[in-house]
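Colleague: Starting off with a structure, shown below.
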């Protein structure tokens, strides 16, 4: 009779110990209300005199196998949710020229909503209307867009690429290149092909030419460190990645300028190969301007010549793994038929 009472007492105690153990250790057990498996009285009588160790061992033995540990909501892995803090941190670290482009593109899109003045027709790249008095079109057409989604997708594609370029070359160099030769060269190439070769007069606008130009540079840079992309048994040159993207955008996005995108990729190839080094302003002149105007002290998020991440026109160091172009492609669109 005493053994029976001892057995029932130990069973009841094991259930209580198991409940206390699961609550204190954050365990969730759907079968915690069930009775513990039968225990051998001899093993209990001959156990260690240390009651705390005995209670802990008894609780661990009585836990069913389906018990799981309950993780608090605030300690869930961060990658399961959108990390808004990381997004805000990335936006707060954008350099000055990249920020300025985003603001200008957004402001010009808002300005195109009014019907008093046709801003798109005024700033688009129209081959037949390029003359000595309309050369401004060579710099205004990448900043204008047809609609909200056109501006949004191009901005999303341009931001990481331009941020990388500005961090590498500096703010003043980026300003001089993208409102100078890196925009005028593909623009003149498009005018020549569209007007002289094709005999057309299709107007274009949008920052997608900049996007594909930067992708062309990234393609050459990737090719220098990782020449081939192996798919099955085929070795595909990595410099062809921007061309594949041009074809994909042309097939998926209606109304895109195939010739304009090719001109951007071609200019990016030339710059990545070093054939356009002469168009970049000399560093001594940029340093003189920065020191005279104190741009680093006056302008927040300014990237000076001495702050740039990598050497000018150099190849980025590789960590041994294959690299790839950085961002998705936003499709530019044509104005007109």
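Cβ coordinates come from backbone N, Cα and C, glycine included.
Not measured: the values here are computed from a predicted model.
Per TrEMBL, the features are:
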type	residues	note
DOMAIN	135-276	domain 'Peptidase S54 rhomboid'
TRANSMEM	96-117	transmembrane segment
TRANSMEM	143-162	transmembrane segment
TRANSMEM	174-193	transmembrane segment
TRANSMEM	199-217	transmembrane segment
TRANSMEM	229-252	transmembrane segment
TRANSMEM	258-278	transmembrane segment
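Give me the lay of the land around each of these features.
Modeller: Counting residues 6+ beyond its ends, the transmembrane segment (96-117) has Cβ neighbours under 8 Å at 123, 143-145, 148, 151, 154-155, 158-159, 162-163, 166, 171, 174-175, 178, 207, 299-303 in the same chain.
If one looks beyond the transmembrane segment (258-278) by at least 6 residues along the same chain, the residues whose Cβ comes under 8 Å of a Cβ in the stretch are 181-182, 185-187, 189-190, 193-194, 198, 204, 208-221, 239, 242-243, 246, 249-250, 313, 332.
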Colleague: How about the transmembrane segment (143-162) and the transmembrane segment (199-217): do they have 3 or more C-beta pairs under 8 A, pairs 6 or more apart in sequence?
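Modeller: Output yes: the transmembrane segment (143-162) sits against the transmembrane segment (199-217).
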Colleague: Within the domain 'Peptidase S54 rhomboid' (135-276), how many residues are helix, strand or coil going by DSSP?
Modeller: 103 helix, 11 strand, 28 coil
Colleague: Let me know the model's mean pLDDT on the domain 'Peptidase S54 rhomboid' (135-276).
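Modeller: Across the domain 'Peptidase S54 rhomboid' (135-276), the average pLDDT comes out at 94.
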